[in-house]
Structure formats: structure tokens, C-alpha cells
Amino acid sequence: MPTLFSWACSATPVFPGFFALILLVFVISIASNTIMIILIHMDSRLHTPMYYLLSQLSLMDILYISTIVPKMLVDQMVGQRAISFAGCTAQHFIYLTLAGAEFFLLGLMSYDRYVAICNPLRYPVLMSRKVWLLIVVAAWLGGSIDGFLLTPVTMQFPFCASREINHFFCEVPALLKLSCTDTSAYETAMYVCCIMMLLIPFSVISASYTRILITVYRMSEAEGRRKAVATCSSHMMVVSLFYGAAMYSYVLPHSYHTPEKDKAVSAFYTILTPLLNPLIYSLRNKDVTGALKKALGMCLSSGSVSTF
């Protein structure tokens, strides 16, 4: 008989207001990230490495939130709180892969900002099509390795009879608490792995932004400083949100954790971050807002012509 997990204390209480809120967040996240991808590929002004990398971030966010929220909404609609072993394994693998890919992509995106500000004349060479394609492949490959390494080990542990996950999706710490055997050695190895996954991109980000700050400080024109800060601030906001939540979940000692805090932080970076990312980049970016206005103008003008 296949293993079946259940949500012991689901983070999705059954009342219409909560269901409507999560559904609204999901729809806005999917729509806003999809619009970002369409605008970037339609508007020639956005055909630059930075925006191509942003389109990959939006794609990751679409897949990321789609891995968790639809299951949560279906559970609430049908009144069930169960997931099969195969479903839990798939959710676990996809979540780890996408989270790892986003870690690496955000880290490598700081290199793009470094080149744009510190070496603008060499930008076409240092961020050629071959380079940004390599960045995208490296991010997805790094995330996939994370998923392929951790998922088989996590899911091979024997689970106790209750199999009640005190969470709203199959996250590693919540699953390990169900194991009937000692997982301390694996948790230590996973802790080291997570530290490395955070440190490598974080080191790239720190080095890039240190050079950027030095370059900005040496700029004589106030307008140049303003543009440089505006260019980097959106990326730093996204990095702070995503990395901060991940560091709490996977780096802080167990004494700082409670099931309620873990679920709240997980909800933040799995549900709210995909909603915030396109809003941060679009509302603070004149190129994106300009492309959106242009697209809306074309839609309105074509609509007027067709109705005439």
C-alpha cells in the first residue's frame, strides 16, 4: 500500500476569506510574472541581458508558486489534507530545484549589475549572449543538482505511522521530523550544503556590490549616482527578501524555530515573494513601466479600431 502523508496542522484553515486571499495572491503572482515575461520578449528596448535574466526569474517564480499553492487550494476546496508519497516527493524535488536555481540566479544577476556600472564600455563583451545564457544554464543546473542530491536521501528515511506533516507542503525540516530513525548526521550534512549554497551566491553578491559602491562613491555627477543606485536597489530588495527567509529556515539553529514561525516564514518566501518580485522590478523601473504603457496603448488602439 503506498505511503500517504497528511497535514497534521494545515496552514490552510477552511474559511472562505483565507481561500479567496490565497487565490488572489496566486492569480496576481501568475499574471504579473507572465506579463513581465511577455513584455521583455515583445519590447525591443528590454532585449538586454538584465531583462532576459529577469524573465528567467519570473519563470522560476511562476513554477515556484505553482508547486505549492494549487495543492493548498484544492485541499481546502475538497476538505482533504493528504498527499501521496509520490506527490510529496515530486513537490519536494521541484521546490528544492527552483529554490536552488533562484539562489544562484540572484547571485549571478549581481555580476550583471557590476559589469553595467563598473565596466559599462565592456558590457556588450562581458555580458554577451553566450555569457548570459551560461548564467541561466548554471542557475538551473545548480538548482537541479540540489534537488537530485537531497530528495532521494530525504525520502528514503523510514517514516513513523502517523505521517502527519506539521506544515502546508513537503519541506525538508518538516519531513525529517517524521523519521523513525536518527537523522542528525544527514541534517548536519544538509546544513553544510545549505550554507555553501547560500555562501557562494552571497559571496558573488557581496564582491559585486562592494565594487559597485566604490564606483558609485567615486562618481562626480549626482545623476549618475542616482541611476546607479536605482539600478541596483530593486535587485538588493529581492535578494534581501529571499535570502533572509532562507537563512532563517535553513541556517538558524533549531532553538530559534517553532512550527508556527516556520510556516509563516515558508509562506512568505514561497507565496509572497513570487508576488513581490515583479512588483518591485516593474514599479521601480521606468523601462518596464514604459513597455507596459506602450503595450496597453497598442491594445486600446487595436480595440478602438476593431469596434469602429
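Cβ atoms are placed via backbone N, Cα and C, with glycine included.
Here TrEMBL flags 32-281 as domain 'G-protein coupled receptors family 1 profile'.
Beyond the ends of the transmembrane segment (15-39), by six or more residues, the same chain brings 46, 54-55, 58-59, 61-62, 65-66, 69-70, 72-73, 76-77, 271-272, 274-275, 277-279, 281-282, 288, 291-292, 295 to within a C-beta distance below 8 angstroms of the stretch. Per TrEMBL, the feature transmembrane segment maps to 15-39 (among others).
What TrEMBL lists as transmembrane segment is 51-73 (among others).
With a cut-off of 8 Å between Cβ atoms, the residues of this chain six or more beyond the transmembrane segment (93-111) that come close are 50, 53, 56-57, 60-61, 63-64, 67-68, 135-136, 138-140, 142-148, 150-151, 169-172, 197-198, 200-202, 204-205, 208-209, 235, 238-239, 242-243, 246, 270. The transmembrane segment annotation in TrEMBL covers 93-111 (among others).
Feature annotation from TrEMBL assigns transmembrane segment to 131-150 (among others).
Taken from TrEMBL, the feature transmembrane segment covers 188-207 (among others).
Per TrEMBL, transmembrane segment is recorded for 228-252 (among others).
According to TrEMBL, the transmembrane segment annotation covers 264-283 (among others). Long-range contacts of the transmembrane segment (264-283) within the same chain: residues 11, 22, 25-26, 28-29, 32-33, 35-36, 54, 57-58, 61-62, 64-65, 68-69, 95, 167-169, 171, 234, 237-238, 241-242, 245-246, 248-249, 289, 292, each at least 6 residues beyond the stretch ends and with a Cβ under 8 Å from a Cβ of the stretch.
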Rounded mean pLDDT for the residues that make up the domain 'G-protein coupled receptors family 1 profile' (32-281):
84
